[in-house]
């Protein structure tokens, strides 16, 4: 286990430096002269340029600038937005909403996805199976914002069943619709993984043994097959986090949930470049750390992964 | 002489037979036909847009803003009073162009890097694998947001370039493992023992056998890229007007959606049909190429 942890953490370190360097190089080093951009159309004195360049350390070599930026990240400094508020503090405040949204979406994906996959496997090659396949694929073919605004119009405005926007109604009422919209996109993969896994498991020896011992079909499927089949789907769900975070950007924007995604949505809309980069970087780092944690948890739970 | 015989006759014939068999499946023919039509639309937008007599997407009449469908304007008018049908038809071009261009670019990078990593091993493999890890560390949409945010001119080409930057690693990983599997097989060993050059072994023996699963995933990728482009455009960092794309139409439709659902409906249908055809095609190819999964 120690070897697994060591390897995974080493990988995280390499990926961390790589990802932050790519972001830095793409965003801060490539496009034009930031001081000129700051000045806009107005003429600017050479001495002012020199002072500003020194103040922002723009004359240092790229690598030195990068490490200064990295030092900022480690101390929670993700830059400031246009009104001078630190991005890090705003992220901290918005974090719980996004976490709740992602976990709710995850829960829906697990319950509905595993359920659909199980039903499709048990009713394999019937019209039920095909309907599940077609609807879940259809759902992935429509962009998340189209589904989002349509769901908002139907459930919120026309029928008035669920809140149109905002988080005033609290969990779960305010989160049902946005979480369901995000979850819709994982359903196709989760249900299909579950389907093929259940089909594989139904043909296993232990199922025959259990049946031979006189256990009811309901018990064999409900207890033995279900538990063993869920592993691949749950593994996928762990890697799906990156998608959930991306989906949160659009969905929190549409449903006006005050989470990190909404911060990012607003920053993109109002062209606040530095804020966009700060928030995205924070989200990407969260994604990196979480995926390592999930991997380790997974290795701890399933001995087969440890010994690969 | 013998080599030429081996290369052309036996494998080629069985290969062609396989493709003919695959092409006969309805789950391949239907999406292929749909994609063929969409490709025609993308290549000849003026002809298809003109079918109802109002083929210019830039002829707009503000007094007709968000009016519904009527004869001559089957999909109605958008917020600016332009013909929605003509716009949707012209939008096909940029959406498909972004999807195909992104996928082709990432496929090129992935095949080159994946093949080098898979056949050479050693430090080249380590470097390429770490590079792949780093780019896989970005959640796709967030990575694209960070980079597109600082791209000043967002055209079909530059957006595709950015999307490709974050989509090649998945394919590269796939190429590498597929190539590695085949590099270990005996006929490759035989080819090497015959003293054939690395280039010849790779291009004649390894790649033709390693690429099938990669092509399948790449096909499906076209669909997810088209969806991502429209999502990014909706967020305001994808394509920009004066470009015409489904993403731009959907983004501008959102504000008037409650009054004029047709603005959202028609671009969505085109987008969904395109993406669905691509996904179904990729999926049927996968099932056809890998009979074990055919349960």
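Cβ coordinates are placed from backbone N, Cα and C, and glycine is handled just like the others.
Bear in mind that TrEMBL entries carry predicted annotations, made automatically and left uncurated.
Annotated range for transmembrane segment in TrEMBL, selecting from A:94-120, A:202-228: A:94-120. For the transmembrane segment (A:12-30), the list of distant contacts is 62, 65-66, 69-70, 73, 273, 277, 280-281, 284-285, 288-289, 292: same-chain residues at least six beyond its ends, Cβ to Cβ under 8 Å. The transmembrane segment (A:275-297) shares the most Cβ pairs under 8 Å with A:234-255, out of the stretches A:94-120, A:132-157, A:169-190, A:234-255. Packing against the transmembrane segment (A:234-255) from elsewhere in the chain are residues 97-98, 101-102, 105-106, 109-110, 144-145, 148-149, 152, 164-166, 174, 177-178, 181-182, 185-186, 189-190, 193, 261-262, 264-266, 269, 283, 286-287, 290-291, 294-295, 298: each is 6 or more residues past its ends and has a CB under 8 Å from a CB in it. Long-range Cβ contacts of the transmembrane segment (A:94-120) within its own chain (Cβ-Cβ under 8 Å, at least 6 residues beyond either end) map to 128-129, 132-133, 136, 167, 171-172, 175-176, 178-180, 182-183, 186-187, 190-195, 197-198, 221, 226, 229-230, 233-234, 237, 240-241, 244-245, 247-248, 251-252, 257-263.
Beyond the transmembrane segment (A:169-190), the same-chain residues lying 6 or more positions past its ends with a Cβ under 8 Å from any Cβ of the stretch are 100-102, 104-110, 112-114, 116-117, 136-137, 139-140, 144, 147-148, 151-152, 155-156, 162-163, 233, 236-237, 240, 243-244, 247-248, 251-252, 254-255, 257.
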